[in-house]
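Peer 1: There's a structure below that I have some questions on.
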Amino acid sequence: MTTLELQFGGGLEALFSHKKQMEVRVPDESVRTIKDLIEYIRTTLIRERHDMFISQGTLRPGILVLVNDVDWELVDAREYVLKEGDHISFISTLHGG
Amino acid sequence: MVRACSSCKVDKAAVKRPKTGKAVCKKCFFGLFEDEVHQTIISNKLFSKGERVAIGASGGKDSTVLAYVLSLLNRRHSYGLDLFLLSVDEGISGYRDDSLAAVQRNKVEYGLPLLVVDYKRLYGWTMDQIVQVIGRKSNCTFCGVFRRQALDRGATLLKADKVATGHNADDIAETIFLNFLRGDFPRLSRCVDAVTGRGSELPRVKPFKYTYEKEIVMYAYFKQLDYFATECVYSPNAYRGHARQFLKDLEAKRPSAIVDVIHAAEQFRFPEPGNPDVAMPVQRKCERCSYISSQRLCKACILTDSLNNGTAAQVNRFSTNKFSSNE
């Protein structure tokens with residue numbers, strides 16, 4: 001199992017009973033990359049309004065991801081291999097300002 | 001392994017900039033972000049020394065970052081501006097009350113005076129009451145017309161010289177698409193300007209015209225700015241939603257798409273008002289409230305009348321083209 005610290009912001013927390021932070025333990029054989037983590041979140045953590053998180057089978061464009069406070073685009077994005085204790089943030093940009 | 005910042009070559013890169021593709025560290029990102037906003041302000045002559053500027057503040061990400069960055073740049077570059085926060089309370093319970101609480105916190109944190117104007121007092125109706133009468137379809141039409149005028153009225157109360165709004169590059173690119181798709185060329189030519197109503201009593205300025213939404217959210221995240229994010233309870237605004245999704249999909253493939261759309265639209269030229277070939281509306285004043293209008297009565301007065309005399313549901317049905325919104 002891998003322990004991860006998840007953070008949700010920019011309105012996404014509404015999908016997780018308004019919890020902005022949570023610690024999860026994920027099976028390391030099936031949840032190896034962020035791509036797997038996104039699927040894990042979709043199937044086990046989100047109960048409704050999946051379309052706010054997923055679009056056409058992948059993370060909805062307009063949601064930013066940071067790995068230990070680094071833009072995921074700098075660390076292989078979906079293919080990033082998760083490590084014990086990683087802090088992964090999902091921040092939506094899709095809400096009005 | 002994370003690469004080093006392409007700007008200072010020292011610290012660990014934290015952001016991939018959508019406009020340039022460059023990887024920069026947090027500190028350089030803050031500096032570049034703030035400098036680019038400063039460049040937009042200077043090269044478009046958004047402000048003059050001594051002006052009173054009302055910042056349209058919703059409590060959301062864009063206006064929160066705008067209030068923060070404008071206060072910072074005003075001190076750093078001695079703009080000599082008097083800054084104010086100006087919020088509009090549409091009377092939408094479960095939405096605006098929470099976001100206004102965020103504006104109240106910004107007021108304290110940034111030390112800026114705040115004025116809140118509300119629909120109920122200005123028009124006699126809250127959005128909740130309007131939706132009860134006209135239903136959920138096209139209520140954004142009423143809200144858009146009312147909000148624009150409410151901001152102007154609030155700014156007048158503050159004796160402001162200008163209103164600054166948090167419209168970002170993504171918003172502007174989206175609006176360009178929308179106006180294009182609607183064939184609305186008066187708005188198509190206006191919506192890309194960093195200053196609208198130059199020479200009028202109350203110009204509106206967009207210091208974030210070239211600032212990507214991604215960077216605004218990253219900036220707020222790294223600076224831990226306090227903003228409120230939720231969708232308006234009435235707003236699906238489906239048509240804009242499609243344009244937005246389309247643009248986000250393009251951005252995912254080629255991030256410079258957003259700023260490219262803006263640069264393309266800056267080259268559009270349309271005939272001046274008075275050209276007999278194309279009738280551009282001529283601006284005059286509303287006979288009742290003296291708000292700027294292209295007709296005898298302004299849109300807000302027409303819509304308020306329709307609410308008061310019970311014909312709003314009908315106005316609503318025919319309004320989609322006439323009063324589409326305020327872009």
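The backbone N, Cα and C atoms fix where each Cβ goes, glycine too.
Where the annotation comes from TrEMBL, it is an automatic prediction and has not been curated.
As annotated in TrEMBL:
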- B:Gly56, B:Ala57, B:Ser58, B:Asp62, B:Val88, B:Gly166, B:Asp171: ATP binding site (BINDING)
- B:53-234: domain 'tRNA(Ile)-lysidine/2-thiocytidine synthase N-terminal' (DOMAIN)
- B:284-312: domain 'Cytoplasmic tRNA 2-thiolation protein 1 C-terminal' (DOMAIN)
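Walk me through the surroundings of each of these features.
Peer 2: Classification of B:Gly166 (ATP binding site) by DSSP places it in coil, neither helical nor stranded.
In the predicted structure, the domain 'tRNA(Ile)-lysidine/2-thiocytidine synthase N-terminal' (B:53-234) carries a mean pLDDT of 92.
Across the domain 'Cytoplasmic tRNA 2-thiolation protein 1 C-terminal' (B:284-312), DSSP helix (H, G, I), strand (E, B) and coil residues number 11 helix, 4 strand, 14 coil.
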Peer 1: Sequence order please: the binding-site residues B:Gly56, B:Ala57, B:Ser58, B:Val88, B:Gly166 that have their Cβ under 8 Å from a chain A Cβ, otherwise just none.
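Peer 2: The answer, in sequence order, is B:Ser58, B:Gly166.
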Peer 1: By a Cβ-Cβ criterion of under 8 Å, what residues six or more beyond either terminus of the domain 'Cytoplasmic tRNA 2-thiolation protein 1 C-terminal' (B:284-312) are in contact with it?
Peer 2: 123-125, 130, 133-134, 141-142, 145-146, 149, 152, 200, 323
Peer 1: Please give the maximum pairwise Cα distance, in Å and rounded to a whole number, for the ATP-binding set B:Gly56, B:Ala57, B:Ser58, B:Asp62, B:Val88, B:Gly166, B:Asp171.
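Peer 2: Taking every pair of listed residues, the largest Cα separation comes to 19 Å.
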Peer 1: Are there any residues at least 6 positions away along the chain from B:Gly56 (ATP binding site) with a Cβ closer than 8 Å to its Cβ? List them or say none.
Peer 2: B:Ser63, B:Leu86, B:Ser87, B:Val88, B:Leu151, B:Val163, B:Ala164, B:Thr165, B:Gly166
Peer 1: For B:Ser58 (ATP binding site), which of the three DSSP-derived states applies: helix, strand, or coil?
Peer 2: coil
